[in-house]
């Protein structure tokens, strides 16, 4: 699938779904139908849920957070961690009693978990009250799938093993007004040995630049101030397109859009990080000085077993280049503890990277066996007690450095995009710096949606408190 012409879903197929949306809108008129979506996992799943929500709003449904009043409940699932899967099973099971009380309730389960045959088999066997099951590759067909499930006795299942083309023009009900997610690519070609994503999201496919710019421009025209570009590995953007282009070119093009104040992106694979990209981040005024660069392990032996295709030394040289070129950059990362075969020496190498790179924050994970991945069959699986002990030490080191970095912001003036009321104090506002630091401060609600200067007066491990500087 190297050419764009091979991966586009035809306008006729999209129109068919639009026609079904209109039919369901007429059918639902005056019925006050409500839906609820629970999303697990990454920002790509969140964006998929925004698409499902947009379709449902166009069908005449309105959103609710109350299961008791919902006519349709959707779980959009994640299979990266076992814990997320267990939560899904628990929540689906808990709906059985509600289904008995309300036989007209439609329960749908979708997302990455459904791309695994053993999961679908488990749902068919143990959760027969589920009405609709679909995966990641046919999400654009949701209107048709919902319609067919309404006409079907029992469970309706449609999961495609192969990825579809890139779909343009689907409606989306954005979770945030000021911030918007934009998928720039789908799938992954890296096949890290611990990761199930290439098997659930398919191989890498990039969207055309013109389509991405059109979506970003539409968001800007509707009041969006900040966009986050999404991909499993944004650094390899453009490789499947017919005309040569890379992620650095895309950033420079998006930087020219009027109305967009900030550009963020995730996730980046270290092996594909070019100096051209570092230059683009440094030179584009709207691209935020924040970089999420997962390293997963500091041990070259473990990195090789993970199929990460870089070494500890490679990674640290990239960090140095980023900090030299963008001195005020905020760095975040992903770290896995307890990968099969990890020794105490290997773990010390991980702590070494944390100490040298000095991350603003880190997403830390205990290694979780994922059926269907090479790592699941590896020898020397690590004892859970050892994992937990190492995880605790890692967390202590990460939090210690995070607190030190945050303390360096005391009395500094930072630019904050005001997002809304603080989650910890409803009398305050909250927003984020360009480095993605969470800042709480007092201010009038008229500031929401604006860029303001805030002086930091208190520093905490995970957030900052400040005072607005009046112009």
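Just so it is clear, glycine is given a Cβ too, placed from its N, Cα and C backbone atoms.
Some features that Swiss-Prot has for this protein:
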| type | residues | note |
| --- | --- | --- |
| BINDING | 42, 78, 112 | [4Fe-4S] cluster 1 binding site |
| BINDING | 188, 192, 195 | [4Fe-4S] cluster 2 binding site |
| DOMAIN | 33-151 | domain 'MTTase N-terminal' |
| DOMAIN | 174-404 | domain 'Radical SAM core' |
| DOMAIN | 407-470 | domain 'TRAM' |
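When secondary structure is read from DSSP and collapsed to three states, residue 112 ([4Fe-4S] cluster 1 binding site) falls in the helix class.
Minimal Cβ crowding within 10 Å, among the binding-site residues 42, 78, 188, 195, is found at 42. Counting only residues at least six positions away in the same chain, the Cβ atoms of 41, 45, 77, 78, 79, 80, 135, 136, 196, 197, 200, 201 sit under 8 Å from the Cβ of residue 112 ([4Fe-4S] cluster 1 binding site). When DSSP labels each residue, the domain 'TRAM' (407-470) comes out as 4 helix, 32 strand, 28 coil, counted as helix, strand and coil in that order.
Calculated from their C-alpha atoms, the gap between residue 195 ([4Fe-4S] cluster 2 binding site) and residue 42 ([4Fe-4S] cluster 1 binding site) amounts to 14 Å. Rounded to a whole number, the C-alpha distance linking residue 42 ([4Fe-4S] cluster 1 binding site) with residue 192 ([4Fe-4S] cluster 2 binding site) is 17 angstrom. Cβ atoms within 8 Å of the centroid of the Cβ atoms of 188, 192, 195 (the [4Fe-4S] cluster 2 site) belong to the same-chain residues 190, 191, 194, 196, 197, 198, 232, site residues excluded. Residues 42, 78, 112 make up the record's [4Fe-4S] cluster 1 site, and a Cβ search at 8 Å around their centroid adds 40, 41, 44, 45, 77, 79, 80, 84, 111, 197, 200 from the same chain. DSSP labels the residues of the domain 'MTTase N-terminal' (33-151) in these numbers: 65 helix, 23 strand, 31 coil. The Cβ of residue 192 ([4Fe-4S] cluster 2 binding site) lies under 8 Å from the Cβ of 296, 306, 307, 308, each of which sits 6+ residues away along the same chain.
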